[in-house]
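Input: a single structure, listed below in structure tokens.
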């Protein structure tokens, strides 16, 4: 079911109090008044803290700055027809004991009447005492069809002649933005160019990047054709290649369900984060990076709201790649954390979404210490596959040297003895190989000459890799993967 159907069902089932999670107040009001087919006999009352009830014909502005009086108005209104009460700003007062008691009393009364309270909130933090009488649903970001209708409406209102291809491109670029933001960015484009054309697309993408980054939770990386070569990991590459068209219409028509995602487990510096970026580039999809540290930061109760916001943005932007870096740091020691169960609830919401999500969001989670993750995370159905990224073998080290040397010396990389270098750096990660090359370049540059194979050899000999400095952790991770708990990303 979509949002309108969900809301209509809740109203029909006489749910007394509904909290709708959204920042789009105007869009929600429009949906309620038009999509729900509210007739003249069905009254919609709207209240906010500053102006009170703004569409109350008998007393416009009633109950301003008084949320308790706003509830008493609902209680005392005598009307046999369906009445919907939209309460804005009300979520800021939900923890006040007088309002908690009033809402509980009111919920009993309006169950037998044609009254429904809808609280609009962008931060869900329901007091425990109200959990049994309040139902929370999310207003998703506009669908492609909704965005397209708005683009066509705006073009007609502004007397713009847009061809169908441009409309489709603008629509796709606006995916993940609210209707209000779409109107603002279109106005900005008109102010700059006096028209909408192909120059509009980068402006929309930049607007989207800024909006998503302002959440301080997600970072947005638009689709880029940048070549992101990864040395080795042939098994993982083959697995991804088979699924590169999984979000296409042809795949949907074939009956293939959208892939859920990957859990990449491995030693630091083996290419887990680079793999997430490479998937987005190869599959030609935008990339969202979730900062798990910021998910659990802030005030009590905010983590759950942030998780819902992350899900809403990801699904609104889909198809996309959601990259969750170092997920083990967020959920380690989950059952021992003394935060009144917040972490457990956020974790429960997350893994339920992983298992049940229908939107084409491909999750790429990375972990360095798999032992820290709750066992529920590793169950089948959470991710399509768990891959282990080990330290590269000799052939993979040769490939890594070739990639990095060709980046810094695209015309002369062949002069370096890659075979000899790959033999010298046994137990080096890809990141450590890159660092050895950079160190050799610093040495040669300081002496005002070109760096050589010998410089890289010296840098390798001076470098102490993680496999030695954190030997116990590396061997523990290799032993875990060796028991068949994860699929090896490389050919053995």
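Residue positions begin at 1 at the first shown residue.
Each residue, glycine too, has its Cβ placed from N, Cα and C.
Residues or ranges marked as ATP binding site in Swiss-Prot: 266, 267, 268, 269, 270, 271, 272, 273. Within 10 Å of the C-beta of residue 269 (ATP binding site) we count 22 further C-beta atoms, all protein chains included.
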DSSP three-state assignment (helix, strand or coil) for residue 266 (ATP binding site): strand
Around the Cβ of residue 270 (ATP binding site), the count of other Cβ atoms that are within 10 Å: 29
DSSP-derived class (H/G/I helix, E/B strand, else coil) of residue 272 (ATP binding site): helix
